[in-house]
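Below you'll find the structure, written out as structure tokens, and then a few comments.
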Amino acid sequence: MEGKVFLGHNLIWVMLLMGQLHGYKSCIDEEKIALFELRKHMISRTESESVLPTWTNDTTSDCCRWKGVACNRVSGRVTEISFGGLSLKDNSLLNLSLLHPFEDVRSLNLSSSRCSGLFDDVEGYKSLRKLRKLEILDLASNKFNNSIFHFLSAATSLTTLFLRSNNMDGSFPAKELRDLTNLELLDLSRNRFNGSIPIQELSSLRKLKALDLSGNEFSGSMELQGKFCTDLLFSIQSGICELNNMQELDLSQNKLVGHLPSCLTSLTGLRVLDLSSNKLTGTVPSSLGSLQSLEYLSLFDNDFEGSFSFGSLANLSNLMVLKLCSKSSSLQVLSESSWKPKFQLSVIALRSCNMEKVPHFLLHQKDLRHVDLSDNNISGKLPSWLLANNTKLKVLLLQNNLFTSFQIPKSAHNLLFLDVSANDFNHLFPENIGWIFPHLRYLNTSKNNFQENLPSSLGNMNGIQYMDLSRNSFHGNLPRSFVNGCYSMAILKLSHNKLSGEIFPESTNFTNILGLFMDNNLFTGKIGQGLRSLINLELLDMSNNNLTGVIPSWIGELPSLTALLISDNFLKGDIPMSLFNKSSLQLLDLSANSLSGVIPPQHDSRNGVVLLLQDNKLSGTIPDTLLANVEILDLRNNRFSGKIPEFINIQNISILLLRGNNFTGQIPHQLCGLSNIQLLDLSNNRLNGTIPSCLSNTSFGFGKECTSYDYDFGISFPSDVFNGFSLHQDFSSNKNGGIYFKSLLTLDPLSMDYKAATQTKIEFATKHRYDAYMGGNLKLLFGMDLSENELSGEIPVEFGGLLELRALNLSHNNLSGVIPKSISSMEKMESFDLSFNRLQGRIPSQLTELTSLSVFKVSHNNLSGVIPQGRQFNTFDAESYFGNRLLCGQPTNRSCNNNSYEEADNGVEADESIIDMVSFYLSFAAAYVTILIGILASLSFDSPWSRFWFYKVDAFIKKVRNLLL
């Protein structure tokens, strides 16, 4: 009997299965044809097969089984279409009429499809009303502008609308959305909307549960303005606080100001509140503790002040994510020692909160995944109990505190991300760190006082990708287990330590490394052969060590090398030709060595290059093709000779430094074509002739954005080792379904880009000293130095057009004539040196208009007249005017009452001054000859005085003869 029952049950299941199979219908032909038509208009023919390989046009092909298509199993009609992320035609306009055959479509995904607009020649703006069942529309990451809202207003059935990362700007067009009364989720993040947020208009969307306006430029106050304040769009009480169904609200990364409105507490169903990266002020209201449904609270990166107590969050039993950070230094986070919270956090970030100890309530947290307590004043031992209590902890950020003891757990942990940089650790680095944290992907212990050798246990971190041990006092050789065991390493920073030995004399397992920083150590010997195996290496910095020998030719054969820095060593010999024929190389710094030989005649790079070869023993001439691809060329203090070449293709060069060589001849007129020049230094050579007036045509920043120059080189790589886990996925047991944004509930710090960079440092003389400039300071420096040459003639009047120039040095030449009044137009000038020349006439009083001038030198010229006073000229001392006997007034001690100091105004032409000087020289010569003739005539007479004179001469001659014999 039991067997029959069992058989009956099986027959029933078989019959049900057959019924289901019989009820399944393939897609209908009309929609199949429409899908092919849609593909033809959106995907190029050459890409369609590779993008959608399952889309075949044979009779047996069921379009319901195609990639990106889903159908109703009973009717066979298409319900979902997804072209998201496919390679669509660039700037394509979508013809909405192509969608009309899909009457039952509920979800349409065209995200990341490069669409730029919609159109329908028949239905116009009302086209989307044809799709009566459309509920989900994803148009994120395209190129749509505000005109799309005219079409969207007809899609009244929509419940979910994604428009993030498009080209929308200006005022937010809320009126076009007010008819979408079924909307539950609206994502307009990462656009360029500005002005006030029109919450009053959005209040008609009564069903709205999730609103994301993050990453825009919205401004205005979030303070309660009052229900009857009709002239303010951002009326919180009559707007956002009436959205009673709101569960997620993200207004982060905008420019909102003011205090948090107290009426937010009326949104009792709120589960996600993100107001981070705004300019909110005031105290953090304790009333947030009444939002008992809250799971995600981020007030990160604002300007909150006053004190904040965790006790105010006592009733938030569902809280899992808490982020608080203030750019203001007056926020004080209090920690109650006896308080035990009801919640179990997964993420806590309390950055820049002026905390002096780890919050006590964290002792009761057992499910933490991410802890950020950086930028505080916490001292004492590293809280290893956080790791012991939270076995799922993946990220621990404790940088920029005052920890003194690096205490780690006694047993192994699964931590992935550890940053303890910039603390006060004053003892040895943990020997067993590699055994305790074998799964680390990111480790930063830089800017501490760690000493002794690097522990060999580091080699156990075979998954480590980023390691920064720089700016400590580590010494000794690199452990062999370390260079062989960390085979996943991508970026390694060992800079500014006391490490010694040879650099990779043998092969290593760092085959995946992209950036290797070993500068400012005590490494010795030759450049090791082990570097040859680093085939993915992009950036190599070995500067400021004690390396000897020659630069091996194979180093230029590393296939991915982009930046090579070996400055400040003891290298000698020629520069390998391979470095000048490497197309990928963008930064080559071989300065401050003993390299000799010549620069190869060709540079094969296709990109802008920074070439730093100063302070060597290089000789010969400069190839005239060298500047074709170079942006920065520094050849200072070498032994180059000959003429400065008539460079070709010089439009890319922005910094040209040739100081301290043996260049002769005139300044080539080709340099007048330096359309992007920022710094020009030709000083301390033997250049002669006049200064080309056409140098005034060079840019020196005029008409350029200050950000147009970027001399910092870096590398970055995306890491997917963390993947960022979604709270909705990891904690779904206490959710009722969910409409959560993954962008809100994904732990974004876990999926990060690793970055490493080196800043180009340039030395330039301003204000009578050499300073090194880099980063933002370098971008703002515009200067020309032609000093210490043999230049003659006058200062070009046209130089007054160099309006952006900050520093001009023409000292130690043979310049004559007057100081041009046009110099007064150079309003940004800070340093102006004309000393040790032959300039004449008065100092133009118009120069007092140079309000930025801090250094002015005209000493040792032939200037005359009254020294101008006022503004910056009141700050210059007498040293600025030494060697000009005809100058008077302050700050010299010479009175101007004597007529001998009077001189014709600078309105007198320069050639008139020259005539005066010629007359002076002729008069001086005539007087000298007259005196000499008078002496000789007196000696011709026979007198006691003449006999005495001849006696003395004979005695002197006899004495000299005796000394020689």
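Going from the start of the chain as shown, residues are counted 1 onward.
Using N, Cα and C of the backbone, Cβ positions are placed for all residues, glycine too.
If you look up Swiss-Prot, you'll see Asn57 (among others) marked as N-linked glycosylation site, on the strength of sequence analysis. For Asn57 (N-linked glycosylation site), other Cβ atoms within 10 Å of its Cβ number 9.
Within the same chain, residues at least six positions away from Asn95 (N-linked glycosylation site) with a Cβ under 8 Å of its Cβ are His41, Phe119, Asp120, Asp121. Positions annotated as N-linked glycosylation site by Swiss-Prot, on the basis of sequence analysis: Asn95 (among others).
Per Swiss-Prot, the feature N-linked glycosylation site maps to Asn377 (among others); the stated evidence is sequence analysis. The 10 Å shell around the Cβ of Asn377 (N-linked glycosylation site) contains 12 further Cβ atoms across the protein chains shown.
Asn389 (N-linked glycosylation site): 16 other CB atoms within 10 A of its CB, across all protein chains. What Swiss-Prot records for Asn389 (among others) is N-linked glycosylation site, and it gives sequence analysis as the kind of evidence.
Secondary structure at Asn509 (N-linked glycosylation site), taken from DSSP and collapsed to helix, strand or coil, is coil. Taking a C-beta cut-off of under 8 angstroms and a sequence separation of 6 or more, Asn509 (N-linked glycosylation site) has the following same-chain neighbours: Val483, Asn484, Gly485, Cys486, Tyr487. If you look up Swiss-Prot, you'll see Asn509 (among others) marked as N-linked glycosylation site.
Taken from Swiss-Prot, the feature N-linked glycosylation site applies to Asn546 (among others). Classification of Asn546 (N-linked glycosylation site) by DSSP places it within a strand. The Cβ neighbour count for Asn546 (N-linked glycosylation site), using a 10 Å radius over every protein chain in view, is 13.
The N-linked glycosylation site feature in Swiss-Prot is assigned to Asn581 (among others). DSSP gives Asn581 (N-linked glycosylation site) a coil state; it is part of no helix or strand.
Around the Cβ of Asn652 (N-linked glycosylation site), 17 further Cβ atoms fall within 10 Å across all displayed protein chains. Summarising the annotation, Swiss-Prot assigns N-linked glycosylation site to Asn652 (among others) and lists sequence analysis as the type of evidence.
All protein chains included, Asn662 (N-linked glycosylation site) registers 13 other Cβ atoms within 10 Å of its own Cβ. Asn662 (N-linked glycosylation site) falls within a strand segment according to DSSP. Annotated N-linked glycosylation site per Swiss-Prot: Asn662 (among others), in sequence order, evidence recorded as sequence analysis.
Shown in sequence order, Cys672, Gly673 are the residues of the chain, 6+ apart in sequence, with a C-beta less than 8 angstroms from the C-beta of Asn697 (N-linked glycosylation site). If you look up Swiss-Prot, you'll see Asn697 (among others) marked as N-linked glycosylation site, on the strength of sequence analysis.
Feature annotation from Swiss-Prot assigns N-linked glycosylation site to Asn862 (among others); the stated evidence is sequence analysis.
For the recorded site, Asn893 (N-linked glycosylation site), the DSSP three-state label reads coil. Long-range Cβ proximity for Asn893 (N-linked glycosylation site), meaning a same-chain Cβ under 8 A and a gap of 6 or more residues, is found for Ala878. The N-linked glycosylation site annotation in Swiss-Prot covers Asn893 (among others) and is backed by sequence analysis.
The repeat 'LRR 1' feature in Swiss-Prot is assigned to 80-102; the stated evidence is sequence analysis. Looking at the repeat 'LRR 1' (80-102) alone, the prediction's average pLDDT is 84.
Sequence annotations record features per position, and here Swiss-Prot assigns repeat 'LRR 5' to 180-204.
The feature repeat 'LRR 6' is assigned by Swiss-Prot to 206-230, with sequence analysis given as support.
Same-chain residues lying 6+ beyond the ends of the repeat 'LRR 7' (243-267) with a Cβ under 8 Å from its Cβ atoms: 184, 189, 197, 202-203, 205-224, 236-237, 273-285, 287-288, 290-291, 293, 298, 300, 739-741, 744. Feature annotation from Swiss-Prot assigns repeat 'LRR 7' to 243-267; the stated evidence is sequence analysis.
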Note = Students should find that the Cβ of Asn862 (N-linked glycosylation site) has, within 10 Å, a number of other Cβ atoms equal to 18
Request  = Report the nearest neighbour of Asn57 (N-linked glycosylation site) in space among the glycosylation sites Asn377, Asn389, Asn662, Asn862, comparing Cα positions.
outcome  = Asn389
Note = For the repeat 'LRR 12' (366-389), the distant same-chain contacts (Cβ-Cβ under 8 Å, at least six residues beyond its ends) come to 325, 344-358, 395-409, 411, 413, 415, 419-420, 424, 725, 747, 749-750
Task = Could you check what DSSP calls Asn862 (N-linked glycosylation site) once collapsed to helix, strand or coil?
result = strand
Ask   = What kind of secondary structure is Asn697 (N-linked glycosylation site) part of, going by DSSP in three states?
value = helix
Rounded Cα-Cα span from Asn662 (N-linked glycosylation site) to Asn862 (N-linked glycosylation site), Å = 29
Message = Give me the count of other Cβ atoms within 10 A of the Cβ belonging to Asn581 (N-linked glycosylation site).
response = 15
Task = Please name which of the glycosylation sites listed here, Asn377, Asn389, Asn546, Asn652, Asn662, is nearest in space to Asn581 (N-linked glycosylation site), Cα against Cα.
result = Asn652
